[in-house]
Amino acid sequence: MAQAAQELVNAVLLQAVKSQTAEVVQELIEKHGCNPKQTTSVGGTLLHEVALHGHHAQALRIAELLVSHGVQAKQEDKSHRTAMFPAAKAGNIQLCEFLLGQGCKVEHCDAGHQTTLFYSSRHGHVECTELFLTRGADVNAADSNGYTPIFWAAHDGRVNIMKFLVEKGADPKILAKNGKSLLFSATGGAAAYALELGCDPQQQDQLGQTPIFRAVKENDPQKVKLLAESGADVDAQDKIGQTCLFYAANLGLKEMVTLLCAHLKANTLHLDVKGFSAKEYAKKHSKAASLAACTKILQGHETKQRLAAQKEQKRAAQERARKAAEERGGPSPAPASSSRKRPHEEEEDVERKKYQLVCFEGGEEVPWNSHKYKEHFRELALRCPWVEPQR
C-alpha cells in the first residue's frame, strides 16, 4: 500500500513538472516527500521533462529546484541524452546555459552519435546553435550515418541555420556514408541554397541515384523542376537501370509522371536491367486508383516516342543512302514524297508484316509467350523499334 501511495505522489510530481508549476513542484518535494530523482519509462529524469515541455517562464526555476534536490544534470536517458538535448530541441537558451553550468558537455553524443548542435540546427534555433558553437561544438561533426548538422538543417528547410553554419565553417559539400549530399534531403528554399553552395545535382549515392530520385519519391514537383533546370538528368539511371520515372510510376504518382513525361521529356521507352519499362512497373505495383492513370499517361508518351524514333531512323537511313550515292558519283535517291501520306498516317510509313519469332537459348527453343520469350522480344524491340507484338 505504501509503495502504491508513493507511486501516486511521484506521478503527481511528474505532472506538476510537465505543467511547469514551480510552487507545486517545490511543495510536493519538500512537504509531501515526492522523489525528485525518479525516472521516466525512457530513462529520463525530471530535468528531461522540464526541457521537453517548452519555454514556460518557470522552466529554469524548476530546473534549479530539481538540481538543488540532487537531480544530476548530466544523467542520461536510454538514448544517452542529457537534459540539454531536449532543451536544445525546444530552443530554451536559458535552460541550455544553466545545464552547461551544471556540467553538461557540448561534445556529448546520443545513441546516434549526434550532439546538441544537431538538435538546435534541425529545429531552427539560432541562439542555441551559436551558444554550442561558442562553447566548442564541432560544426562538421558527423553522426553515425555520416550526416553533419547542416544536413539536418537542410532536411527541415532551415536556410537561416544553414547560412549561419556555413559562416562558422560548415562544409556544404561533405558526403554522408551512403554517398548522399545535403541536396538529397534539402527541402523548400534549402535545395536552392544547396545548389548555390555548389552541391552537384548529378551526385550519385551508393544506389547510383541522384537527388532528383529523392525529389520524385517525396512527390516534390518544385524540387524536381529546380534540379532539372540546374542540370539534373531526368534519364539518369541507378544501379538497377531504373530512372526516376520508374519510381514515380511504381508509386502511382500521376502528376509526377505527367511532369516527367510531358514537361521534362523523360524517356518512356527505357528498360531496366530486368528488361521492364516504367509502364510495366505501374501495371505491376501501383495502387488501383492511380494504376490506370499512370499507365495511360505512359502508354501515350511511349507511342509518341516510339513513332519519333521510327521517323528518326528512317531519316537517318535516307541520309546514309544519300551520302553513299554521292560517294559512288551517282544521283541521290529521291526523298520520300510528302504527298504520299497524310500527317496522321505517318505511323504507316513502314509496310507491316506478321512473323513468328523463334528464340533459342542454350541450343533449346524458348517456349512461345513464356517469360523468357517475352524478355527476348523486349530486347529485340529495343534494338528494332519498328517491331511490334501481334495485337
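Cβ coordinates are placed from backbone N, Cα and C, and glycine is handled just like the others.
Remember, TrEMBL labels are computer predictions, not curated facts.
Pulled from TrEMBL, these are the features on record:
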- 42-78: repeat 'ANK' (REPEAT)
- 112-144: repeat 'ANK' (REPEAT)
- 145-177: repeat 'ANK' (REPEAT)
- 207-239: repeat 'ANK' (REPEAT)
- 304-329: compositional bias 'Basic and acidic residues' (COMPBIAS)
- 304-352: region 'Disordered' (REGION)
Other parts of the chain folded back onto the repeat 'ANK' (207-239), taken as Cβ under 8 Å at six or more residues beyond its ends: 181, 183-187, 191-192, 195, 199, 201, 245, 247-248, 251, 253, 255-256, 259-260, 264-267, 270, 272
Cβ-Cβ under 8 Å with the repeat 'ANK' (112-144): same-chain residues at least 6 beyond its ends: 79, 84-93, 96-97, 100, 106, 150, 152-153, 155-156, 158, 160-161, 164-165, 168-171, 174, 176
DSSP-derived helix, strand and coil totals, residue by residue, for the repeat 'ANK' (145-177): 16 helix, 0 strand, 17 coil
Residue distribution over DSSP helix, strand and coil in the compositional bias 'Basic and acidic residues' (304-329): 25 helix, 0 strand, 1 coil
Helix-strand-coil residue split for the repeat 'ANK' (207-239), DSSP-based: 16 helix, 0 strand, 17 coil
Residues of the repeat 'ANK' (42-78) by DSSP state, where helix covers H, G and I: 17 helix, 0 strand, 20 coil
